């Protein structure tokens with residue numbers, strides 16, 4: 001997972017560094033009228049190819065479908081169902097609980113992500129109720145994502161396994177802290193980021209589902225599996241739109257991809273903070289690596305998948321010299337990340353360190369630290 005801390009954007013004199021100014025100038029070129037016109041022309045395409053991937057509210061699963069419902073079961077039935085849920089939750093190891101909480105905290109910071117999406121020039125929802133395909137996509141995507149944090153939070157509350165006040169404080173702090181995103185107003189860069197991130201989230205929830213099922217919690221596995229399936233649909237939408245950008249504007253698309261990969265795909269919850277552990281995200285990421293929920297191998301696998309999906313290696317027509325260099329950089333990055341993965345495997349062979357997590361009442365989870 002990405003680094004917890006963001007690099008400083010200012011020099012010792014308080015002004016932007018020369019390097020950061022150059023970076024900003026690079027992505028701001030994507031706000032030029034000719035770039036934004038590409039997005040305007042793609043709106044009918046988005047209507048036909050992205051919006052159908054959203055499910056109407058009447059067809060989508062809801063948190064109430066996944067958990068005991070007091071109104072439907074009555075007092076005795078609800079009590080019995082909760083006891084059964086708690087009994088199954090007892091079998092989930094602490095390492096998987098930590099990963100589950102980290103995933104849930106990430107999902108609960110949805111207000112930040114919708115705000116970030118509405119910063120993309122050319123596709124943002126200017127009024128909050130725009131009728132454009134881009135705006136309806138963002139609102140529909142957000143409506144589907146909203147269920148994820150809700151259902152996980154309710155499960156955790158009913159399970160009795162977690163210090164919910166600490167979990168909720170972490171969510172509160174993360175939303176307050178926000179999220180630092182590279183090229184924050186460029187839809188080219190933003191769509192590439194979200195395509196990567198949606199696949200990462202689907203992998204994380206999917207791996208959690210398989211692991212908790214193996215430990216006997218079929219109800220939690222069903223929840224995580226449903227979330228993973230949603231994320232796959234969202235991934236498909238963002239992968240499609242970036243593929244379209246590679247088709248109609250390949251030079252700009254590949255340069256945007258190289259820009260994002262040079263700065264790594266930082267996880268959206270990188271600023272998570274529980275008020276106790278100054279390195280909480282790094283520890284959560286280490287726990288996810290150790291448990292096999294989200295690993296360095298997954299990061300490389302996502303990059304390789306997107307290179308194939310967008311046919312980056314095959315790009316030639318329409319590329320400038322800068323575009324060709326960007327293509328070569330992206331394709332060579334796979335081997336660099338593979339070496340990083342090997343180093344991660346070497347760390348696994350090191351002695352693990354017990355790290356307490358406030359989410360599980362300060363019980364320690366053994367992780368391998370950098």
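For all residues, glycine too, the Cβ spot is worked out from N, Cα and C.
TrEMBL names 198, 231, 234 for binding Fe cation 2. Of 145, 168, 304, the residue it gives for the same site is 145.
According to TrEMBL, the residue from 84, 90, 107, 108 that belongs to the Fe cation 1 site alongside 145, 148, 231 is 107. Sequence-distant contacts (6 or more apart, same chain, Cβ under 8 Å) of residue 231 (Fe cation 1 binding site) comprise 198, 199, 201, 202, 205.
Apart from 145, 198, 231, 234, the residues listed for Fe cation 2, the same chain places the Cβ atoms of 141, 144, 201, 202, 230, 232, 233, 235 within 8 Å of the centroid of those Cβ atoms.
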